[in-house]
Amino acid sequence: MIYPVISTRTPIFLTNLKTPRIHESCTKLRSISRSSQHQNPIENDIKPKTQFINPVLMTNTKSHYGFQAMLSLCGLGYWVQGFRCFPWLALNFHMAHNLNFNPSTLQLVQNSANFPMVAKPLYGILSDAFYIAGPHRIPYICIGVLLQILSWGQLALIPVTGQTLPSLMACVLLSNFGASIEEVSKDALVTEHGQKHRIKGLQSYSLMALAVGGILGNFLGGYFSHKLQPRTMFLIFSALLSFQLAISSSECLGLSHRQTPTGKSITDNIRKHLSGLMIAISEDTISKPLTWILTSIAMVPILSGSTFCYQIQCLNLDLSVIGMSKVIGQLMLLSLTLIYDHHWKQIPMRKLVGGIQFVYAFSLLLDLILVRQINAGIHISNEVFTLCFSGLAETLAQFKILPFMVLLATLCPQGCEGSFTSFVASTVCLSSLVGGFWGVGLAALLGIKGGDYTSLPVGLLIQFVAALLPLGWIYQLPMSCPAEKEMKKCIDETQVFERVVGSVRI
């Protein structure tokens with residue numbers, strides 16, 4: 001569960017534009033109470049309290065219950081999302097050892113599997129424009145989880161599915177298709193509830209839940225990798241997804257049914273949300289930070305497949321060691337997220353992100369130390385070095401996105417939560433795909449393949465240089481998140497968006 005921490009500071013999220021109506025209603029209630037007291041002062045000593053206070057308490061209780069239910073549902077979803085490394089560790093081991101894929105093919109499968117993530121804006125616009133019977137976003141979560149169960153269940157129960165590349169790719173694509181639909185709905189829920197309840201930085205709590213799931217998934221994946229067959233690990237994850245589906249379905253059935261927000265057709269609603277999305281991302285306050293984070297990710301070639309094969313084929317590292325290195329990396333991610341939430345939010349964004357990018361670039365050289373066996377020269381074994389430092393670069397790459405997610409969620413227009421957050425997530429995924437295929441091409445160009453890793457140090461050096469280049473245009477980032485003086489501008493932009501999209505209530 002993700003527990004909310006309500007800040008006592010002035011919230012950065014967009015103010016509720018319907019507040020004046022609430023104030024007007026309260027004023028009318030007070031005037032009615034005063035007039036009734038003048039007419040019958042004896043009776044109204046008690047009646048005003050029973051008439052006006054109780055309904056407010058009931059509304060607050062329902063709102064609080066709904067918010068806690070949302071946090072529990074999304075917390076479980078993010079935890080399971082982090083736990084996905086459990087079956088993926090088994091799948092990578094299966095492809096490298098049982099199917100004997102070379103590093104380029106392994107990395108090609110890993111990156112091609114993320115293609116459904118690129119289409120996230122379509123899922124987001126659809127979830128904004130079309131309400132499935134139930135509480136709006138939750139049915140989409142159920143659909144996404146069900147698709148993942150079908151995918152991993154086939155790999156677990158039908159042996160021939162995981163023995164050929166086409167059938168394996170089909171299952172992996174189906175799994176990520178379901179995961180992308182689920183992630184879009186969770187991200188939209190977190191963003192819109194953060195704005196509704198004026199809680200800044202709920203994304204950090206989402207990342208904490210994801211990191212906790214990653215810690216347990218990597219630990220158990222590394223421990224059971226040589227004790228269980230990959231198919232058994234796929235079946236365990238399918239059972240966990242079934243539990244999540246049961247919880248989500250019960251939550252969905254327990255809430256009231258809603259209709260599509262307007263009487264217009266779904267096509268008109270989709271067109272309006274698409275137009276509103278274009279207006280939102282055209283603003284410099286959104287486009288400049290988004291452009292920087294995307295280019296900083298896409299420019300760095302990803303050589304994770306080559307590094308993974310080198311570790312298990314040349315260094316003969318046990319998969320449990322690699323799994324434990326991921327656990328330590330997720331622990332570092334959880335620690336960094338906690339520190340950011342309590343202390344680093346006060347640091348100017350440009351300074352914070354610049355420091356993270358600088359450390360990230362140098363962390364890429366840690367794999368070079370392992371490949372060159374410099375660690376052996378200072379009497380540090382490969383196992384110890386891998387445990388302590390192998391997951392650092394990946395951790396920093398994940399953590400670097402958090403300040404941007406908080407900033408962009410702050411600027412997200414109301415009524416556009418699904419399409420906007422899904423657009424940001426899909427563009428980040430697309431930039432990761434570009435970096436992944438850039439890494440595949442670089443490995444092929446340098447001649448890095450199974451049994452021949454002599455050019456791997458050159459690729460790691462290119463990684464390091466590419467990671468330093470985005471610091472050259474770090475000035476595109478704001479010094480901090482939008483302050484009080486920028487609230488008026490944000491509200492005006494939201495009003496323009498709502499004229500295009502229409503009043504969409506969640």
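Using the three backbone atoms N, Cα and C, a Cβ is placed for every residue, glycine included.
Summarising the annotation, TrEMBL assigns transmembrane segment to 205-226 (among others).
Residues 69, 73, 76-77, 80, 83-84, 86-87, 90-91, 134-135, 138-139, 141-142, 145-146, 148-149, 152-153, 155-157, 221, 224-225 of the same chain, all 6+ positions outside the transmembrane segment (232-255), place their C-beta atoms under 8 angstroms from a C-beta of that stretch. Among the features that TrEMBL reports, transmembrane segment is placed at 232-255 (among others).
Annotated transmembrane segment per TrEMBL: 290-313 (among others), in sequence order.
Annotation source TrEMBL lists transmembrane segment at 319-340 (among others). Proximity of distant same-chain residues to the transmembrane segment (319-340), defined by a Cβ-Cβ separation under 8 Å and at least 6 residues beyond the stretch ends, is recorded for 82, 85, 89, 93, 204, 207-208, 211-212, 214-215, 218-219, 221-223, 225-226, 308, 311-312, 383, 386-388, 390-392, 394-395, 398-399, 402-403.
The feature transmembrane segment is assigned by TrEMBL to 352-372 (among others).
Sequence annotations record features per position, and here TrEMBL assigns transmembrane segment to 384-411 (among others).
The feature transmembrane segment is assigned by TrEMBL to 423-448 (among others). Note on the transmembrane segment (423-448): residues 103-104, 107-108, 110-111, 114-115, 117-121, 124, 183-184, 187, 277, 281, 290, 293-295, 297-306, 401, 405, 408, 454-456, 458-459, 462 of its chain, located 6 or more positions outside it, place their CB under 8 angstroms from a CB of the stretch.
Feature annotation from TrEMBL assigns transmembrane segment to 454-475 (among others).
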For the transmembrane segment (290-313), sequence-distant contacts whose Cβ falls under 8 Å of one of its Cβ atoms, 6 or more beyond its ends: 92, 96-97, 102-104, 106-108, 110-111, 281, 319, 322, 357, 364, 367, 370-371, 386, 390, 394, 397, 400-401, 404, 408, 424, 427-428, 430-432, 434-436, 438-443, 448, 450-451, 453, 456, 459-460, 462-463, 466-467, 469-470, 473-474, 476-477
Distant-in-sequence neighbours of the transmembrane segment (205-226), which means Cβ under 8 A and at least six residues beyond its ends: 2-5, 74-75, 78-90, 93, 186-187, 190, 233, 318-324, 326-327, 329-331, 333-334, 337-338, 341, 398-399, 402
